[in-house]
Amino acid sequence: MNALKNFFIWAIIIGAAIVAFNLFEGKREFTTKVSLNEVVKLVEEGKVSYAEVRGNTAIIQTKDGQKLEVTLPPNTNLVDKMVEKGVRVEVANPEPPGGWLVNVFLSWLPILFFIGIWIFLLRQMSGGGNVNRAFNFGKSRAKVYIEEKPKVTFKDVAGIEEVKEEVKEIIEYLKDPVKFQKLGGRPPKGVLLYGEPGVGKTLLAKAIAGEAHVPFISVSGSDFVEMFVGVGAARVRDLFETAKKHAPCIIFIDEIDAVGRARGAIPVGGGHDEREQTLNQLLVEMDGFDTSDGIIVIAATNRPDILDPALLRPGRFDRQIFIPKPDVRGRYEILKVHARNKKLAKDVDLEFVARATPGFTGADLENLLNEAALLAARKGKEEITMEEIEEALDRITMGLERKGMTISPKEKEKIAIHEAGHALMGLVSDDDDKVHKISIIPRGMALGVTQQLPIEDKHIYDKKDLYNKILVLLGGRAAEEVFFGKDGITTGAENDLQRATDLAYRMVSMWGMSDKVGPIAIRRVANPFLGGMTTAVDTSPDLLREIDEEVKRIITEQYEKAKAIVEEYKEPLKAVVKKLLEKETITCEEFVEVFKLYGIELKDKCKKEELFDKDRKSEENKELKSEEVKEEVV
């Protein structure tokens, strides 16, 4: 319907333009202006056939059809001469009353017409609605929450307790500024929240406003700069004027890197000067208001490294707070928050879900429970069970199941052997990521998956950890070669080889884990004109060759080790593959049970230590120790 309406509007506009063009072009007479002397000469030579006099202008037509225009001076006898020579002379009727108004209107009509088209296009670009909106270029597009203040509080923010403590003094200042002013202190003018996408930067800003019970003014960094020059700076001024009217309040600028990118001599991308003007105005405004005005600026970004240093100096964004991804305890608390409005069955173990989601942010966890709720609703269930949560987790981490994909029995066997090789390495090595389940059901881009879950969150890795990870990655390829020979290896190990090589390269060139190369790191720089591609600098060809040799040595050693392990456990591995082909998905416990039939014990390889139980035990031990100390004191 809207498309048809727009078609008719444009058809009318184009039609009106054609009519106006024909109207004005039709009224024009194409004549050549000449001097009075030339006309007199033509009259005397008898070359003029017709003349039309319009006030002080005469249109002369020669016998050869040429039209000439001449301006007649007062009291001229040119008309009498033309009559004497037999020229037909006509005098146009005098202009009717109001004719000059018509002429003025007709002369201005094209200009008014195109102004109307321009206004129409501006209204279309601004989304219609208010007629004046198209001209409010300099007005800020910030959303102001005054009566409807953010309902989010610190109860809705979990997993970042240290960050919450850090921002509580901002809330106290907004509630009672006199308390700080008595001691001569001032709160930070600006707070920069930075971290990976989804960690809760925007949610935390809303919670601060909700706890302080003050107006919340929200704007995106991309709302400042548009197609018109000077609009960004004007919108920054209007934003702070709006904030002063509603003080005390919080200004929240999301994705500030869109406008706060570091200034430089080399413009990268278009609109460079306009963006710098907007940034300069933002710097001036943040210097121009005093903390006694009751305005706190909170900004969020995923890229603090590209922000202008002038924006980050004390006096503007005094406090910079990093919001990390939640650890296992934080994920558990976040899951509890998002589970408040969900109907969970009794079998749902949020502690297990927290342990099974390393690297997940708050947004990821919310999406996980939402996906589980949708799956439960699709199945017609009244509650969300652990089955739906695990299925949702598999969909997010590994992709959708492609059960309808046709795979030949021979290919299926190779996939099963490949995945069994991965699982075997994970079980016999000292890798901290324990095997959870093995599946040969195609998911996403993968034809099979071996899922591993970490026992605990790790922040640093030693050389042994990295060797074990490379061993697990090469386990699938090693199993293929042992079972089918060198000519039977497949393309299924492409991603495994890439990840293993990248890990080995980092060990040698970044983390100094090679005895031959030594504890050095290759300096690398990114070129902004090549899409951020990094290149090594100040590195000799000999050193690069040594690095390549060490990477190859690490990969080769771990690959040979993986093949030896597969050879050692070849018979029980065949039985595992057979079971995997029958069931398509098996758990770690089922894998271990098959090995037990061959007299091989993989003790505690599937046991996942309960971090939460460890935490509880440590808390109990602390309480016991404190009670013992009290008794000793008494």
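Using the three backbone atoms N, Cα and C, a Cβ is placed for every residue, glycine included.
Computed from a predicted structure; not experimentally measured.
Annotated in Swiss-Prot:
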- GLU419: active site (ACT_SITE)
- GLY195, GLU196, PRO197, GLY198, VAL199, GLY200, LYS201, THR202: ATP binding site (BINDING)
- HIS418, HIS422, ASP496: Zn(2+) binding site (BINDING)
- 615-634: region 'Disordered' (REGION)
- 27-100: topological domain 'Periplasmic' (TOPO_DOM)
- 6-26: transmembrane segment (TRANSMEM)
- 101-121: transmembrane segment (TRANSMEM)
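Candidate binding-site residues: GLY195, GLY198, GLY200. Fewest other C-beta atoms within 10 angstroms, GLY198.
When Cα-Cα distances from GLU196 (ATP binding site) are compared across the recorded positions HIS418, GLU419, HIS422, ASP496, the shortest belongs to ASP496. For HIS418 (Zn(2+) binding site), other Cβ atoms within 10 Å of its Cβ number 26.
With respect to Cβ neighbours within 10 Å, the binding-site residues LYS201, HIS422 differ, and LYS201 shows the lowest count. Per-residue confidence over the topological domain 'Periplasmic' (27-100) averages 73 (mean pLDDT, predicted model). DSSP assigns HIS418 (Zn(2+) binding site) to a helix.
Using Cα positions, the member of the recorded positions HIS418, GLU419, HIS422, ASP496 nearest to GLY195 (ATP binding site) is identified as ASP496.
Close to the recorded ATP site, the chain also has ALA300, ASN302, ILE323, THR361, GLY362, ALA363: residues not among GLY195, GLU196, PRO197, GLY198, VAL199, GLY200, LYS201, THR202 whose Cβ is within 8 Å of the site's Cβ mean position. Residues GLU419, GLY421, GLY448, THR450, LEU473, LEU474, GLY475, GLY476, ARG477, ALA479, GLY492, ALA493 surround the recorded Zn(2+) site, their Cβ atoms falling within 8 Å of the Cβ centroid of HIS418, HIS422, ASP496, which are themselves excluded. When each of the recorded positions GLU196, GLU419, ASP496 is scored by how many other Cβ atoms sit within 10 Å of its Cβ, GLU196 comes out lowest.
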